[in-house]
């Protein structure tokens, strides 16, 4: 580890292979906590490259719980968090809209870190069993079309690092890579990030991970979701090409909605918002979900255009299919699934 620390002190970038090896060392129980802390802080101070992010993601996915990965066409629509906006659970609500539109959703998430309610907190409040094993997750993806992967359970080797992150209380590379460490081999992905300057590096990592299509967004006001407040900065990965662009919500018929208007609350309050959206209630929450789910359906290829994606998202809700997926996941995740373990 000393060699890598010296390079970082000198402001040098690590190669992908060096970062992969450093990542394995970070996960080794024999490494000193002071070395982990120094590495994370020095890397952040230098600034992370796409090669470094990918190297660490490789190490984390290698040490994650093993998956059979026989499920084809899975997608995740996870944000990094860290925007401090305290919005309701946009991507988790959108996940059921995607599932209702026929997309297999492997939703990777955690409890609240910078917000009041994380995806795990919301789903637990709604009655979903968040403790599914890899075999159960495969079963749910195949038979329900949506499954939740509780990040701490999927990545047991990260327990020590999470403790050190909490003690450091400063942003590190781990604030950025959550959506990239999903242990399922995803075909497509929709990622929201709070740091605009990391849009391109994250898209490059998704390309290295073999995503067929992906969309990375930094919302207006530096939201880690697509925002109805104004211009959204976007990077699209398609046909192995990366294109940078921007998207205005007014172009798709949405009214401007300030980010403060879509603030959430505790898990009970956010569950009420999610159920309202999935039940077809008209609101700024619904419009925000339609915009995000529409973009995700475009990123997935289920929709050929963003307009078509928004139309499909609205149909998923208004037909009752999105809510049906939630109810199906609640029932199936709480069943005895010993037959698949």
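Any Cβ shown, glycine's included, is placed from N, Cα and C.
Listed in Swiss-Prot:
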BINDING   79, 82-83, 87, 89-92, 107-115, 119  5-phospho-alpha-D-ribose 1-diphosphate binding site
BINDING   79, 110  anthranilate 1 binding site
BINDING   91, 225  Mg(2+) 1 binding site
BINDING   165  anthranilate 2 binding site
BINDING   224, 225  Mg(2+) 2 binding site
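Here the binding-site residues are 224, 225, and the one with the most other Cβ atoms within 10 Å of its Cβ is 225. Of all the binding-site residues in the list 79, 91, 108, 111, 165, the shortest Cα-Cα distance to residue 224 (Mg(2+) 2 binding site) is found for 79. A strand conformation is recorded for residue 87 (5-phospho-alpha-D-ribose 1-diphosphate binding site) in the three-state DSSP classification. Other Cβ atoms within 10 Å of the Cβ of residue 91 (5-phospho-alpha-D-ribose 1-diphosphate binding site), summed over all protein chains shown, number 27. Each of the binding-site residues 108, 111, 165 was scored by how many other Cβ atoms lie within 10 Å of its Cβ, and the smallest score goes to 111. Per-site Cβ counts within 10 Å over the binding-site residues 87, 110 peak at 87. The binding-site residues recorded for this entry are 110, 165, 225, and the Cα of 225 lies nearest to that of residue 91 (5-phospho-alpha-D-ribose 1-diphosphate binding site). Among the binding-site residues listed (110, 165, 225), 225 has its Cα nearest to the Cα of residue 79 (5-phospho-alpha-D-ribose 1-diphosphate binding site). All protein chains shown were included, and the count of other CB atoms within 10 Å of the CB of residue 79 (5-phospho-alpha-D-ribose 1-diphosphate binding site) stands at 27.
Residue 108 (5-phospho-alpha-D-ribose 1-diphosphate binding site) sits 15 Å from residue 225 (Mg(2+) 1 binding site), taking the Cα positions as reference.
Secondary structure at residue 79 (5-phospho-alpha-D-ribose 1-diphosphate binding site), as computed by DSSP, is strand.
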